[in-house]
Amino acid sequence: SNRPMPLNTYQFRNMIQCTVPSRSWWDFADYGCYCGCGSGTPVDDLDRCCQVHCNCYRQAGEISGCRPKFKTYTYECSGGTLTCKGDNNACAASSCDCDRLAAICFAGAPYNDNNYNIDLKARCN
């Protein structure tokens with residue numbers, strides 16, 4: 001898709017590359033019902049990671065003026081371990097933590113090729 005990528009997506013992408021270096025971040029951009037924030041019932045554990053991430057963003061968005069999809073933050077990747085830095089404000093800290101937890105969740109969830117680019121209308125009611 002040619003939709004413009006939110007700034008923060010670039011950081012989330014780098015976080016995923018930190019925890020799951022063996023896969024392209026694109027593999028996670030269109031997976032299951034929730035990787036891309038959809039609806040319905042998550043198809044598997046990886047999709048549940050995305051559902052939690054979407055809900056996390058929704059909660060962060062309740063902070064006044066916070067748009068987690070666009071919020072940049074400071075973090076560090078060292079040997080596959082992600083750390084959100086202490087100089088983030090409340091919005092940045094929340095956004096960073098949402099992305100950090102999702103990237104860790106992705107690393108621990110099996111990837112099922114059959115759940116990539118699925119028919120959302122048919123499978124996500």
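From the backbone N, Cα and C atoms, a Cβ is placed for every residue, glycine too.
The active site feature in Swiss-Prot is assigned to His53 (among others). Counting only same-chain residues at least 6 apart in sequence, those with a Cβ under 8 Å from the Cβ of His53 (active site) are Tyr34, Cys98, Asp99, Leu101, Ala102, Cys105.
According to Swiss-Prot, the feature active site maps to Asp99 (among others), an assignment based on similarity to another entry. Under DSSP, Asp99 (active site) is assigned to a helix (H, G or I) in the three-state scheme.
Its own atom aside, the Cβ of Lys69 (N-acetyl-beta-D-glucosamine binding site) has 17 Cβ atoms within 10 angstroms in the protein chains shown. In the three-state DSSP scheme, Lys69 (N-acetyl-beta-D-glucosamine binding site) is classed as coil. Summarising the annotation, Swiss-Prot assigns N-acetyl-beta-D-glucosamine binding site to Phe28, His53, Lys69 and lists experimental evidence as the type of evidence.
Long-range Cβ proximity for Asn117 (Zn(2+) 1 binding site), meaning a same-chain Cβ under 8 A and a gap of 6 or more residues, is found for Asp30, Tyr31. Residues or ranges marked as Zn(2+) 1 binding site in Swiss-Prot: Asp30, Asn117.
Among the features that Swiss-Prot reports, Ca(2+) binding site is placed at Tyr34, Gly36. Listed in sequence order, Ala29, Asp30, Cys50 are the same-chain residues six or more apart from Gly36 (Ca(2+) binding site) with CB atoms under 8 A from its CB.
Reduced to three states, the DSSP call for Cys77 (disulfide bond) is strand. Under the heading disulfide bond, Swiss-Prot lists Cys18-Cys77 (among others), citing experimental evidence as support.
Annotation source Swiss-Prot lists disulfide bond at Cys33-Cys124 (among others), citing experimental evidence. According to its DSSP assignment, Cys33 (disulfide bond) is coil.
For the recorded site, Cys50 (disulfide bond), the DSSP three-state label reads helix. What Swiss-Prot records for Cys35-Cys50 (among others) is disulfide bond.
Feature annotation from Swiss-Prot assigns disulfide bond to Cys37-Cys54 (among others). Long-range Cβ neighbours of Cys37 (disulfide bond) (same chain, at least 6 residues apart, Cβ-Cβ under 8 Å): Cys50, Cys54, Tyr57.
Under the heading disulfide bond, Swiss-Prot lists Cys49-Cys105 (among others).
When Cβ atoms from all protein chains are considered, those within 10 Å of Cys98 (disulfide bond) total 26, not counting its own. Residues annotated as disulfide bond in Swiss-Prot, with experimental evidence given as evidence: Cys56-Cys98 (among others).
Look at Swiss-Prot and you will find Cys66-Cys91 (among others) tagged as disulfide bond, backed by experimental evidence. Residues near Cys66 (disulfide bond) in space but far in sequence (CB under 8 A, at least 6 apart, same chain), listed by position: Ala60, Ala90, Cys91, Ser94, Ser95.
Look at Cys84 (disulfide bond): DSSP puts it in a strand. According to Swiss-Prot, the disulfide bond annotation covers Cys84-Cys96 (among others).
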Residues within 8 Å of the Phe28, His53, Lys69 Cβ centre (excluding the N-acetyl-beta-D-glucosamine site residues themselves): Thr9, Phe12, Cys35, Gly36, Cys37, Cys50, Cys54, Tyr57, Cys98, Asp99, Ala102
For Lys69 (N-acetyl-beta-D-glucosamine binding site), the one of Cys35, Cys77, Cys84, Cys96 that lies nearest, given that the disulfide-bonded residues are compared by Cα: Cys96
Cys35 (disulfide bond) versus Phe28 (N-acetyl-beta-D-glucosamine binding site) - Cα distance in angstrom: 6
Among Cys18, Cys33, Cys54, Cys77, the one of these disulfide-bonded residues whose Cβ has the fewest neighbouring Cβ atoms within 10 Å: Cys77
